[in-house]
């Protein structure tokens with residue numbers, strides 16, 4: 001399923017010509033990497049609360065956001081290598097390309113501590129529930145897992161492809177299938193579904209702006225579909241294989257997000273769900289129903305494997321794009337552009353790791369940080385949406401200005417897809433300013449100010465400073481083109 | 001043209017083996033240490049109360065007793081601790097399984113299960129938790 005052997009290097013637009021030196025990964029492996037980046041069982045209990053309406057809540061965003069993102073990035077990757085930085089650089093300008101990949105990179109900084117805190121909580125459920133609120137345990141799990149991830153990512157794309165694919169299969173596809181099969185058996189035994197499964201429950205309740213926030217924010221369920229395109233040059237024939245990659249990943253993502261959530265809603269009434277214990281309690285409950293609770297710790301460790309596999313893809317992807325454009329244009333100091341012997345952006349990963357460690361320690365030990373941590377996920381997703389806006393604009397411009405550039409795949413109705421994707425991204429950006437549950441009855445203006453300042457600072461000010469402070473001497477040959485410093 | 005983007009096969013295989021051993025060990029420790037909640041008299045009594053509180057079918061009693069035991073499991077480990085709350089707040093989010101996760105205005109019933117579990121299994125924590133829930137903005141977004 002994973003990598004398919006070492007062979008050749010070459011220009012991303014090589015259209016299948018093999019050049020000696022680089023390791024290839026298969027399109028199936030890249031599809032699994034992409035799926036691993038986007039989908040997991042983690043949100044299943046949250047979405048199970050909506051019962052049958054979970055289908056609507058995933059399908060509508062799939063039409064207006066997943067489909068445009070997948071098809072547009074498939075066309076772009078079939079014509080240009082390097083991922084979002086290069087697409088935007090070619091379609092708009094190089095500074096905008098840097099901005100796009102910076103936004104993709106920056107949004108991960110606050111993601112790792114929250115993802116790994118979930119890992120710590122999952123392991124606590126298995127070993128000792130009292131560990132879930134233990135700062136030392138949480139910090140230890142975050143730091144050990146993160147730096148192990150850096151060590152693996154430093155081995156290059158094949159290791160990441162192999163492990164993230166394995167993580168997806170072991171920790172998402174197998175447990176997810178088990179959940180759905182047990183759910184089908186449960187219903188087949190004549191038990192009534194806990195959540196009503198009739199046509200009148202296909203749509204969620206309409207609660208005005210709250211429902212709009214729920215639906216529009218769900219667009220972001222599919223964010224990351226384009227991220228692994230940075231590895232497109234590791235495919236033997238990117239032009240033909242990347243569209244297949246996106247097709248397979250799209251199908252898998254939809255299945256993984258929708259079916260397990262539904263299965264949980266068959267078993268457990270929404271009133272009985274405890275979100276703190278989340279997916280672990282859901283599995284425990286299902287296994288208790290079938291007298292196989294001994295499986296709970298095994299599935300817990302499998303879920304951890306999936307989370308860490310997904311983390312690997314995020315470590316390896318955006319930082320590589322950042323490296324590629326920085327070497328071309330000198331946007332980052334030479335220290336950060338340094339690669340290891342496998343051609344991996346080692347120093348960017350280490351610098352990010354130091355920052356992540358500091359954030360993780362603050363998260364684990366400073367109550368004010370942990371209780372307000374959710375706000376960073378709003379800010380970072382706002383920042384990520386900037387990258388999507390730029391990608392859709394770049395795709396339209398490239399189709400219009402360079403219609404004859406060779407592309408292995410041409411997305412049908414690209415203009416419409418870009419308009420819909422841009423509108424969806426804009427809507428998600430706007431809805432990000434509506435205060436969420438966590439903000440309670442706080443001052444809306446203050447909320448908007450915090451989000452705006454945070455997003456502008458992280459998404460625009462930091463990359464602007466890098467841009468302003470760049471030096472011509474910081475330009476280094478592009479590793480994708482085969483030159484080593 | 002010497003772009004190298006991967007460690008040698010031997011290094012990768014060794015990495016896979018190490019990680020395989022680590023995960024198998026974790027699973028082994030999990031199997032040895034995971035305590036299925038005992039369906040004791042007290043556990044069943046509390047499950048009865050939870051079933052009554054939430055209006056669940058009586059058939060759910062045994063299953064709840066096996067999962068929550070007599071102490072409420074992870075839910076009652078430290079429900080008012082900031083770290084635990086932080087993880088709870090993170091679940092009041094959209095349906096993203098990756099970095100697209102962001103808060104939403106959650107449904108009113110999303111926390112019903114936890115509130116009831118805390119009232120039945122760790123009532124000492126209930127008042128503080130209720131205050132925490134009262135400070136959240138919830139809406140009726142699920143049917």
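Each residue, glycine too, has its Cβ placed from N, Cα and C.
Here's what TrEMBL has on this protein:
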- A:24-41: transmembrane segment (TRANSMEM)
- A:48-72: transmembrane segment (TRANSMEM)
- A:84-102: transmembrane segment (TRANSMEM)
- A:109-127: transmembrane segment (TRANSMEM)
- A:166-186: transmembrane segment (TRANSMEM)
- A:206-225: transmembrane segment (TRANSMEM)
- A:246-268: transmembrane segment (TRANSMEM)
- A:294-317: transmembrane segment (TRANSMEM)
- A:348-366: transmembrane segment (TRANSMEM)
- A:372-393: transmembrane segment (TRANSMEM)
- A:413-434: transmembrane segment (TRANSMEM)
- A:446-467: transmembrane segment (TRANSMEM)
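Of the ranges A:84-102, A:166-186, A:246-268, A:372-393, A:413-434, the one with the most Cβ pairs under 8 Å to the transmembrane segment (A:446-467) is A:372-393.
Ranking A:24-41, A:84-102, A:166-186, A:206-225, A:348-366 by CB pairs under 8 A with the transmembrane segment (A:109-127) puts A:348-366 at the top. Below 8 angstroms of C-beta separation, residues 33-34, 36-37, 40-42, 83, 104, 108, 111-112, 115-116, 118-119, 122-123, 125-126, 145-146, 148-150, 152-153, 157, 160, 163-168, 170-172, 174-175, 178, 224, 227-228, 230-231, 279-280, 283-284, 287, 344, 349 of the same chain, each at least six residues beyond the ends of the transmembrane segment (A:294-317), sit close to that stretch. In summary, the transmembrane segment (A:206-225) lies against the transmembrane segment (A:413-434): three or more C-beta pairs, each 6 or more positions apart in sequence, are under 8 Å.
Between the transmembrane segment (A:413-434) and the transmembrane segment (A:48-72), the number of CB pairs under 8 angstroms, six or more residues apart, is three or more, so the stretches are in contact. The recorded stretches the transmembrane segment (A:372-393) and the transmembrane segment (A:84-102) share 3+ CB pairs below 8 A when only pairs 6 or more apart in sequence are counted, and are therefore in contact. Within the chain carrying the transmembrane segment (A:246-268), a Cβ under 8 angstroms from the stretch's Cβ atoms is held by residues 27-28, 31-32, 34-35, 38-41, 43-45, 47-52, 54-55, 58-59, 62, 66-67, 70-71, 73-74, 172-173, 176, 179-180, 182-183, 186-187, 193-195, 197, 221-222, 225, 282, 285-286, 289, all 6 or more beyond its ends.
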